[in-house]
């Protein structure tokens, strides 16, 4: 019976399920272990990848930020001004300085009289330029030309605003030094006639300096080169600026040609002197010839002064021209408004239109007054 029961129990389905359930659960657990390990490894790998990516992203972002910072820093430093803007600024300043010089000259003429101020035109010009300089550069502001072109003076290589000693130095080299040199050169040439060659060297040196400016655009004037002051832009310049290299090259060619012609003429003159000295044979006669040459140079300087006086007379003749015929006035006639014309010109004008040609004041032939011994 027991055997039968055991057999029956063994073949009973519920018993089989109960007996197999523990083994089945353990098998399921064992079978489920490898997948969990694989999933954990995959998760760990994914976490490591995320960490690596998160570590790389800040580095890339930092590099991009550094590049942007470098670009921004490069934009913080303004660029140097170019030749066209510097020339335009200088021309604008010269225009306003000329107007101011004329006004100062008229004011001084009324105060001191025309005879006194005509002999001191250079001093009146220096006074006007000094006032213009004190009202602009000396107080640290821009000149009218610099404002027009958005330029600013700075110390080269430091990008700092010029200090008061730098401005005083610029004023001395720009205004006082040329005035003192111009006043002292005639006396220097009288004492040392051999230094007369400086009068021809200085203009060539100035043209050479101008050629260098056309090449590199650094210093337009000697005063700014000696005081180490340059111009920068107040605005951002995106477009390319034109260059004046061709003008600099042409100036250098002109300087070389003029120097060659000058040396050629002097060498020919020296050869003639040597030949004349060989024929004479005495050293004392050579010294006399040299003294004669020095006297000739002094006479040339006197002739040059006379030529300057003639030029001044020509300017006065230009002021005495009639505004209608543009020639020197003949039989000078004054109108009621005070303008001067030729008698023939103003009478013909009054026959057509009874108005002054200059100010349109009503006039007639009866009111025109001829000026005798004028």
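Glycine too: its Cβ is placed from the backbone N, Cα and C atoms.
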Swiss-Prot annotation (transmembrane segment) - matching range among 48-69, 114-135, 136-157:
114-135
Are residue 187 and residue 341 on matching sides of the membrane - judged by whether Swiss-Prot gives them the same topological domain name?
yes
Give the range, chosen from 193-216, 217-240, that Swiss-Prot lists as transmembrane segment.
193-216
Quick one: which of 22-37, 166-181, 278-293 does Swiss-Prot have down as transmembrane segment?
166-181
For the topological domain 'Cytoplasmic' (182-192), what are the DSSP-based totals of helix, strand and coil residues?
10 helix, 0 strand, 1 coil
Which one is it: of the binding-site residues 322, 325, 342, 345, which Cβ has the fewest other Cβ atoms within 10 Å in this structure?
325
Looking at the topological domain 'Cytoplasmic' (182-192) alone, can you tell me the average pLDDT?
85
For residue 342 (Zn(2+) 1 binding site), what is the secondary structure state per DSSP, taken as helix, strand or coil?
strand
